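The following features are taken from TrEMBL:
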- 1-87: region 'Disordered' (REGION)
- 1-18: compositional bias 'Polar residues' (COMPBIAS)
- 24-37: compositional bias 'Low complexity' (COMPBIAS)
- 43-56: compositional bias 'Polar residues' (COMPBIAS)
- 64-87: compositional bias 'Polar residues' (COMPBIAS)
- 209-250: repeat 'WD' (REPEAT)
- 251-281: repeat 'WD' (REPEAT)
- 345-374: repeat 'WD' (REPEAT)
């Protein structure tokens, strides 16, 4: 088994605090306040803002978190767990840009906790701990349908061009076919594994491990290879053939529960686990006498369980969110093509529960009830800057999705380089955010039209 060691780390299970970086953050705050002197910002207004009096959840007290009056701040140069030489937190110069963010919409459907989000083109799917998967139409963000099942808790969602896959708490996956004949429609295709096939296989003794023995945590699709991947708390990854929905392989991938998986277009599979590692697997095609997937490398993450993964396809960066609040990332070497440790991003005070990437942006959702939007330097991929902290949820942020462009029909300036973010929380609320990076020349025109925002609800 190959191994790639990260830089030296502190003892495990260290209590996370950003008190040590208060000086750095204060300095950045003063600079940002000075550069924005004389500006007037307008607070956005929410739509469908719910009442949270019925929710028993109380958000954590962030006594150690410094105030963040500005709409962006730079990630500190050092962190409690990582030395300065390995933390990719050097600030990106943003003096020529105006960073703004606002909450576009906030929706409460009383389905319980929102557990999963998937987006494909202009259609957004959200799963909760009810038996409904809701379908939303973008950019106007209106509900346009539902997928109903007898099972509850859609814990993971994946969408391809013509199919929707939803994993439920009963350890099974439901599949729908999408078509646009006189409007968007969904036809129920299959349940994976099929009950009859599972019972026959169990009795005959051919495959007693066809079904996951624990709740499914994540799904991934590789359309070109005709496979669907599912990970589970039973520490295994199963590979399903999409053409007939049969299990073709089971990987005993980790010694602890698996929390997230990603299937890349180059045939690599990434798995994240509570054993504080990310493992990379390659699918083999040439030799039939070997396992279909073989382990390529193991990436340690400083003794902290890895809860979520995201892959920036344009740059090849792999991001892993951990339970200690850190966001680690790895880069592909220019010549070897192997992943090497790039650094970590500090900011969250609780576990990072979900990630999404679009273009140069990375969005992280956390149990501290906030989302953070990071921008990757387009020249030096090890440099990241925190552009915005999205505050508004009253429960842990469980899932996020991001896409470029706006969710409204308003005209977007050519200088506008931002993204739209959908976040689902355990408070049962779905929020849509807009983050923009606008040049100062465009800012003056926006102020005249009254369209600039710098605060969130």
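Glycine too: its Cβ is placed from the backbone N, Cα and C atoms.
Outside the repeat 'WD' (209-250) by six or more residues, the chain places 155-158, 160-161, 163, 165, 167-169, 171-173, 175, 190, 192-194, 197-198, 201-202, 256-263, 265, 267, 269, 271, 273, 283, 291-293 with a CB less than 8 A from a CB of the stretch.
Long-range Cβ contacts of the repeat 'WD' (251-281) within its own chain (Cβ-Cβ under 8 Å, at least 6 residues beyond either end) map to 214, 217-222, 224-225, 227, 229-239, 291, 293-311, 313, 318, 320, 322, 330, 339. Across the range of the repeat 'WD' (251-281), the DSSP-based residue counts are 0 helix, 19 strand, 12 coil. Mean pLDDT, taken over the repeat 'WD' (209-250), works out to 91 on the 0 to 100 scale. In the repeat 'WD' (209-250), the DSSP tally of helix, strand and coil residues is 0 helix, 24 strand, 18 coil.
Across the repeat 'WD' (345-374), DSSP classifies residues as 0 helix, 19 strand, 11 coil.
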